[in-house]
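These features come from Swiss-Prot:
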BINDING   170-225  ATP binding site
BINDING   Asp300, Glu313  Mg(2+) 1 binding site
BINDING   Glu313, Asn315  Mg(2+) 2 binding site
DOMAIN    140-346  domain 'ATP-grasp'
Amino acid sequence: MTQKLHIALLFGGNSSEHDVSKRSAHNIYDALDKEKYDVSLFMFTKDGILLGNEDSQKIFDGEPEDQVVAEAYQKMDMSSPLAPIMALNEQKEIDFFFPVIHGNLGEDGTIQGLFKLLNKPYVGSNIAASAMSFDKDLTKKIISQAGIRNTPYVVVTPENQADYSWGRIEEKLGNLTFVKPAKQGSSVGIHRVTNAEEYEKALDDAFKYDYKILVEQGIANPQEIEISILGNEHPIASKLGAVRVPKDDPFYDYENKFVDASGVVFELPVKLPQYLVDEITDMALKAYKALGMKGMARIDFLVDSNNVPYLGEPNTLPGFTNISLYPQMWEVSGISYSDLIDRLIQLGLQEFERNSKIKYDFRKLGTERVGQKKYNED
């Protein structure tokens, strides 16, 4: 009998997507084939503290989170903020990590750094790709260098804010712009801006979430198109999906995504001219490779009235809730939810195996390096 792979499913986190992460984790847990996998649960609280399997399971099973967390804190070694994390290292039976932590901590390279320290395989992109893809400014710099179309923008910080009055923004970008924190997910802190008063209010709010703010040129009445990517060195793309928001809503915001999605319509697969489908697919795959992403990503596009696509944002750990488009786009492309989860695990194992062959100490290379003398220590 083949030994089961022991999966650690990590969820929660200290971002605004804490509850979304819990819903994603439930779906992934249900989709994991228990004939193949043993599963342990580890939840990061809203304070960013990691709970063990027993307490995480209680919350997973529906016990009041605040009560379970309070009781867990009382019995937990809080002498060092690293204590709960180091306790994870003692779980020697864990073979593989499946993070479902959206936003900061989960998508900014932090949790990936922990997995690297623990020397364990995991689902998704590595530290660098996660960090670059989570920072909207870095993403735009990289995809622009790769020749991928995206909207013009400027970066506003507390230090240069005086240089970017609304008059200057309007001159550079026009009178329809979007103000966005550079490192936030799920449309948190994003504002549609058309005048000086809105601009000042938007900056004040966005600075609550980050000290680097993007002000992007807006596109009037765009189509919001999404595509799912799966793979490592040779990624594949799903069929495209569209998000149709109510006409009274300016864009697909946090409210639409997580509070009241009743007016949102998903078109799967979306009907677009084939040349446009091909262009978006090519842009998405090119961006995936340029950013060094692995495992999976959902990539968002805006398409203007002339059917010109602009790459919006990549998401290295997309949602897996009942309304999340990432798994739905694969469903309509012929890959079931459970098969998708299996593939993601296999991709993580393959990437770990590939990276394990890299030598980090040149003294151990000896004569393997062509044209270099064998290293001899004195």
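Numbers run from 1 along the shown chain.
Placement of Cβ uses the backbone N, Cα and C atoms for every residue, glycine included.
Everything Swiss-Prot records as a feature, shown here on the structure.
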{"residue": "Glu170", "record": "ATP binding site", "Cβ neighbours (10 Å)": "17"}
{"residue": "Thr177", "record": "ATP binding site", "Cβ neighbours (10 Å)": "27"}
{"residue": "Gln184", "record": "ATP binding site", "Cβ neighbours (10 Å)": "22"}
{"residue": "His191", "record": "ATP binding site", "Cβ neighbours (10 Å)": "21"}
{"residue": "Glu198", "record": "ATP binding site", "Cβ neighbours (10 Å)": "15"}
{"residue": "Asp205", "record": "ATP binding site", "Cβ neighbours (10 Å)": "16"}
{"residue": "Lys212", "record": "ATP binding site", "Cβ neighbours (10 Å)": "18"}
{"residue": "Ile219", "record": "ATP binding site", "Cβ neighbours (10 Å)": "18"}
{"residue": "Glu313", "record": "Mg(2+) 1 binding site", "Cβ neighbours (10 Å)": "18"}
{"residue": "Asn315", "record": "Mg(2+) 2 binding site", "Cβ neighbours (10 Å)": "23"}
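Across all of the domain 'ATP-grasp' (140-346), the predicted model scores a mean pLDDT of 92. For Ile219 (ATP binding site) paired with Asn315 (Mg(2+) 2 binding site), the C-alpha to C-alpha distance reads 21 Å.
The two recorded residues, Lys212 (ATP binding site) and Asp300 (Mg(2+) 1 binding site), have Cα atoms 21 Å apart.
Separating the Cα atoms of Gln184 (ATP binding site) and Asp300 (Mg(2+) 1 binding site) is a whole-number distance of 15 Å. In the three-state DSSP reading, Gln184 (ATP binding site) counts as coil. Around the Cβ of Asp300 (Mg(2+) 1 binding site), 19 further Cβ atoms fall within 10 Å across all displayed protein chains. Put simply, Thr177 (ATP binding site) is 16 Å from Glu313 (Mg(2+) 1 binding site) when counted between their Cα atoms. Straight-line distance linking the Cα atoms of Glu198 (ATP binding site) and Asn315 (Mg(2+) 2 binding site), rounded to a whole number, equals 28 Å.
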